[in-house]
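In TrEMBL this protein carries:
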TRANSMEM  21-42  transmembrane segment
TRANSMEM  79-100  transmembrane segment
TRANSMEM  112-133  transmembrane segment
TRANSMEM  139-160  transmembrane segment
TRANSMEM  172-190  transmembrane segment
TRANSMEM  202-223  transmembrane segment
TRANSMEM  288-309  transmembrane segment
TRANSMEM  324-346  transmembrane segment
TRANSMEM  353-375  transmembrane segment
TRANSMEM  381-408  transmembrane segment
TRANSMEM  420-441  transmembrane segment
TRANSMEM  447-470  transmembrane segment
COMPBIAS  499-509  compositional bias 'Basic and acidic residues'
REGION    499-529  region 'Disordered'
Amino acid sequence: MENKQQSNGVMKANNAVKKKLNWSGSLIVASLTGAFGSSFLYGYNLSVVNAPAGYIKKFYNETWERRYGFSVDEGTLTLLWSITVSIFAIGGLVGAIIVTPIVKYFGRKCTLLLNNVFAVAAALLMSLSLLAGSFEMLILGRIIMGVDAGISLSALPMYLSEISPKEIRGSLGQVTAIFICIGVFTGQVLGLPEIFGQESRWPFLFGAIIVPSLIQAAILPFLPESPRYLLLEKHNTSKAEKAFQRFLGKDDVSHEIEEVLAESRVQRNTKMVSILQLLRTRAVRWQIVTVVVTMGCYQLCGLNAIWYYTNNIFSESGINHETIPYVTLSTGAVETLAAVFSGLVIERLGRRPLLIGGFGLMIVFFSVLTVSLTLQNSVHWLPYLSIFCILAIIASFCIGPGGIPFVLTGELFQQSQRPAAFMIAGTVNWLSNFAVGLLFPFIQAGLQTYCFLVFAGICFAGATYLFFVLPETKNKTFHEISQAFAKRNKVTLEMQEMKHYPGEKKSSEEQDSNLSSSVDNGETKKGFV
């Protein structure tokens with residue numbers, strides 16, 4: 001009995017050591033640096049245009065009057081401003097479309113590194129637009145910044161999913177969502193009147209974009225590329241081994257190398273899959289549908305509508321107009337705290353409960369918000385209930401739907417399918433984003449406060465689909481996740497691999513031989529299989 005207890009104690013100690021080793025210094029630095037120069041900027045650019053909106057419109061009017069000798073009419077000014085805000089999503093769509101060939105050719109880390117060129121160029125254009133007297137520079141900068149966001153929101157989750165051990169893949173993936181929230185909050189803080197929220201200082205709000213980009217450009221070159229990319233796409237075993245050692249914080253990575261090679265042997269081929277090939281592959285049909293549903297609901301679930309209503313609801317509750325920007329900071333703070341909470345519990349609770357639970361809570365609070373907004377003029381305390389509902393909806397979103405769609409896109413597909421899958425996910429994400437910006441004013445005008453019932457319906461549809469279709473993916477290898485979908489796709493994994501590249505089949509023996517050895521600098525290296 002005593003020996004058994006000692007054995008159990010040793011096993012627990014070893015497990016504890018493994019968990020500690022999972023979070024190596026390089027892994028932490030890579031995730032924080034990658035997110036700070038990528039998803040942080042996406043969140044920042046979502047909120048940064050709100051505070052200086054009045055000053056920017058005045059700049060547009062003054063520029064127009066200086067050029068043409070008369071003030072711009074209200075309709076044209078509204079159109080210019082709408083373009084300035086919404087064109088960010090058009091740039092994001094372009095970035096999502098071009099990211100596949102970029103990550104294939106340059107790799108995950110180098111794509112993030114090169115993406116800083118877009119961010120720096122956009123920052124210079126937008127921050128110098130007032131000095132140059134050109135509102136076109138601001139609009140062009142917004143679309144270039146959108147391209148940066150479109151690339152980073154695909155390349156970053158791809159990089160994080162491939163460098164992290166499966167035991168913490170969800171937590172590390174949530175770094176993307178956490179830094180989006182931090183970016184939104186930072187944009188709100190820097191937009192305060194005491195900082196850059198003044199007529200003479202608003203260009204500094206856009207110039208600040210250059211700081212995260214330069215920090216990422218300075219640190220990222222010293223970190224390894226994705227070991228899975230190096231091993232499966234570049235066939236460089238030596239560099240892949242060193243990358244695993246850096247990210248896992250241990251010398252013996254033979255088990256990790258073998259795990260990746262086992263996945264590749266099952267795939268029978270490591271050639272990158274195109275969008276059309278992926279869409280035609282029956283074995284990943286439900287994975288694609290799942291990504292489309294989660295990404296669509298991510299944008300269409302109504303959070304943008306919440307941001308639209310926030311100032312109005314705060315005003316209706318009796319909060320002084322000058323105080324509203326400071327109260328609005330509470331929304332950014334709640335968003336960030338909820339995203340951090342999700343990152344802490346995702347490996348314990350799993351992706352599925354957080355996603356379904358997040359959508360479920362949003363349904364409840366959207367329904368209550370509809371009632372409180374409809375009746376708030378007749379009951380004096382209902383505006384405070386509306387404020388609570390806003391914060392609760394934001395928290396519910398960030399706990400699950402706010403970040404897990406990016407994690408799932410990295411988990412549901414094999415190495416050769418992942419870039420194409422992220423391109424599909426990114427396209428759905430940005431098209432949905434643009435659709436919300438385009439259609440929401442009409443929905444709001446037609447339904448008034450009842451518009452939130454539309455979003456409750458979308459959340460219900462998403463939660464229902466995920467309840468019946470999505471398997472739990474925590475602590476599973478990519479191969480095990482594929483097995484979980486095989487029955488629903490009505491195809492065996494063997495059939496899946498045979499259908500990938502029918503004109504380029506290789507025998508199992510040839511594949512095993514190719515994968516158990518790789519040529520690196522003219523030397524054949526073996527011993528991992």
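Including glycine, each Cβ sits where the backbone N, Cα and C put it.
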Contact between the transmembrane segment (202-223) and the transmembrane segment (112-133) (3 or more Cβ pairs under 8 Å, separation 6+): yes
Distal contacts, the transmembrane segment (353-375) - CB-CB under 8 A, six or more residues away: 294, 297, 301-302, 309, 313, 342, 345-346, 382-383, 385-386, 389-390, 392-393, 396-402, 404, 449-450, 452-453, 455-456, 459-460, 462-463, 466-467, 470
Selection from 79-100, 288-309, 324-346, the stretch that has most Cβ pairs under 8 A to the transmembrane segment (420-441): 79-100
Interface-richest range of 112-133, 172-190, 288-309, 381-408 toward the transmembrane segment (447-470), CB pairs under 8 Å: 288-309
The transmembrane segment (381-408) in contact with the transmembrane segment (172-190), cutoff 8 A, at least 3 CB pairs, sep 6+: yes
Stretch in 21-42, 79-100, 288-309 most in contact with the transmembrane segment (172-190), if contact is a CB pair under 8 A: 21-42
Region pair the transmembrane segment (139-160) / the transmembrane segment (79-100), three or more CB pairs under 8 Å: yes
